[in-house]
Amino acid sequence: MTDATANGKPQMLTTADGKPLKEALKRAQARARRKAFLLVLPLLAFILITFVTPIAQMLHQSVYNEGFVMHEDIGTRTRTPIMTNIKAWFDGNSAGTEPDEAAFAALHQDFLLLRELRAPGQVGTRVNYERGGSRSMFTKAARSAERMEPPYREAFLDVDEEWTDPELWRVMRDASSAYTFNFYLAALDRTKNVDGEIVSVDQNRQIYIKLFTRTLFLSVLITFLTFLLAYPIAHLLATLPLRYSNLLMIFVLLPFWTSLLVRTTSWMVLLQSQGVVNDALVGMGILGDENRLQMMYNQIGTVVAMTHILLPFMVLPLYSVMRPINPSYVRAARSLGATSWTAFRRIYFPQTVPGIGAGALLVFILAVGYYITPALVGGADGQLISNLIAFHMQNSLNWSLAAALAALLLAGILILYWLYDRLIGIDNLKLG
Amino acid sequence: MADVNRDDVFVVFDRVQKSYDGETLVVKDLNLSMPRGEFLTMLGPSGSGKTTCLMMLAGFETATHGEILLGGKPINNIPPHKRGIGMVFQNYALFPHMTVAENLSFPLEVRGIDKSTREEKIKRALDMVQMGRFGNRRPAQLSGGQQQRIALARALVFEPELVLMDEPLGALDKQLREHMQFEITRLAHELGITTVYVTHDQTEALTMSDRVAVFDDGRIQQLAAPDTLYEEPQNSFVAQFIGENNTLEGVITEIKGDLCEVRLDSGEIIDAKPVNVSSVGDRTRVSIRPERVEMNKARLQKGAHTLKAEVLEFIYMGDIFRTRLRVAGNDDFVVKTRNAPDQVRTEPGQQIEIGWLPQDCRALDA
């Protein structure tokens, strides 16, 4: 009510018994709103727990790795800070300082603790993420730490000559604080040199940018192919009488009801060198037995299988915008003098754009994150970025790098979504 | 048609038949000639084949048999966009992603007309339907009546000689519909366009048309000017379909010249004008319009038969009285009388005598 007067409106509307109308309205609506909120509460909680929290955690993981600074006992779950002495030395000396005896003495102290906690592997792994071959140095040094005598610098060098490598010390310095952007650098094929400057990694070790580009390219290609295939199907579905179109719709939806794995493996049956397609081509004499087509374990396999699997996601939004388009629009255009091509191009097609946008966005986003199909039929050549994320999650156990890659993927999709909104407008999206 | 000068004939349907499934004919042997500048309405119940005829003329359906001629040339094999026929659709079919001006511009653009001429024509067409200020609106921002006007303007903007309208006023409310009926006929006559108009609303057909073709069962039942159609229906279907009608069933007992005698199923004998009955003993449906029934004996011809009637209902409708009677066993016999100072007002239960001029009472097929 103070708002109303502050707005400079002299008359305030009131109910019959003199209460401000706005208040009364608010109170009347509050109950309905509370009820509505209670109804969506389970969904809200579900989304928070299973969607928002994991994403937040993943984003955190991509900039936070405590492998070098904290040890957690698996049994007792007690957390012990580790590498504290060397951290103190790093804090006291600026980056690029030659490690002196004090540094090695601090390192020795830390290694004694590591040995006690049986944690040298963990620390070595963390350093190994950024400098290959470091893990064994850490385990070896920890084994001999108890026998070491001053001067520690020589003692460490006795174990491994690499211990004075400035690269190693740069990595340890970075790792000594749990928060770091180094994983993002790694995900973009970048690293820091000894002086802390950001540089590209060796040509032959650059994989992520290439994979991002390939993922993007293949996803665009797959989106385009699904569009080419889906547009006529959707048009047919939308124009056929209902009883035929329902039957056809079942064929479109059939892949939806089949396990993804089954679909992918059936493509393997079809596409492999001794598979149905090759056999048929050889049998018809189109191909010689010795030059069977290699259609699997490469990009062709990935593109073919994913186009098929993602096709319904393009057909359905297209169908949903085409169905309500009254045939009289095209008829009107024809009667007004347009050829059937002009009528299609200028009248029919523009009205299906919202469906194309929705379908393309849907297929593209799904394709960018696709994992199982490329893993099974892609071979080395047809792998997508998700396969690498999975690799870092399951095999190399470098979760921070996996998280950084995933975060970059997420950011890329958000940017595309924003672009889409700017260019086409998200209001125009029609999913059905 | 015999009354149409052959030189003036513009649209001809020559023994046209249409079947969708190869088993039933939707249009059976359609023959029709239209002179230039005529406003012809195809009227009929749904499923009578009238829209199919329109679609064949527009080119969206092909005739299974027979020829359609436009300006003397057969058009069966000409695609719709080359026929140069303007068309107004039932749902208007205004392109939703274009503004009003773009909608009007479309037929001109596909004809390769240059921009300045286009703009001039669009302006003229919009002014013609009094929508000059709405060029930049989208169809969705317009009311039904406004959309209707735009659809009309779009069908006329490229100056076609023939305009087809498929129930264009179906979606409008009564008042607007009446107004638009007037607008459409005015425009059609001013511009001298030949118009084929499809509707199932008989009032619309009667008020707008030069001639009306009444369709039923895939055939034209009668093709005539509105007054002829109303006053001289050629068969029972037309009599029933156009306007209000009273029907009495009976058998012809005598035919002498342009008069005949009918014995009704209830035993009474009445006079009628034989229309499509041929011989004594034929069953017939006698048709008489409610406003042609006389309750005043003095106005009847000498020797004319009268009938006893019982008033069942008297409805005061302001300008007219509507009296429902039981006549010869028919409970739905309606009489309309003008509200004049000397007019009798009856009451339910009252016994009266009615009659009519024999020429107003038509003995039709049973």
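In case you wondered, yes, glycine gets a Cβ from its N, Cα and C as well.
Annotation comment: TrEMBL describes A:36-56 (among others) as transmembrane segment. Within the chain, the transmembrane segment (A:36-56) has long-range Cβ neighbours (under 8 A, six or more residues past its boundaries) at 410.
The domain 'ABC transmembrane type-1' annotation in TrEMBL covers A:212-420.
Taking Cβ pairs closer than 8 Å, the transmembrane segment (A:215-238) reaches residues 245, 248-249, 252, 299, 302-303, 306-307, 310-311, 313-315, 318-319, 322-323, 325, 352, 355-356, 359-360, 363-364, 367-368, 382, 384-386, 409, 412 in its own chain, all 6 or more past its ends. Per TrEMBL, the feature transmembrane segment maps to A:215-238 (among others).
A Cβ distance under 8 Å defines the sequence-distant neighbours of the transmembrane segment (A:244-262), meaning residues of its chain 6+ beyond its ends; these are 233, 236-238, 308-309, 311-312, 315-316, 319, 372-373, 376. Residues annotated as transmembrane segment in TrEMBL: A:244-262 (among others).
According to TrEMBL, the transmembrane segment annotation covers A:300-321 (among others).
Marked as transmembrane segment by TrEMBL: A:355-377 (among others).
For A:397-420 (among others), the entry in TrEMBL reads transmembrane segment. With a cut-off of 8 Å between Cβ atoms, the residues of this chain six or more beyond the transmembrane segment (A:397-420) that come close are 55, 58-59, 61-65, 125, 129, 183-184, 186-188, 208, 212, 215-216, 357, 361, 364-365, 368-369, 385-386, 388-390, 426.
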Inset, instruction - For the transmembrane segment (A:355-377), find every same-chain residue at least 6 residues outside the stretch whose CB is under 8 Å from a CB in it, and list them. - result: 215-216, 218-220, 222-223, 226-227, 230-231, 234, 260-261, 264-265, 267-268, 271, 296-297, 301-302, 305-306, 309-310, 313-322, 383-387, 390, 409, 412-413, 416-417, 420, 424, 428-431
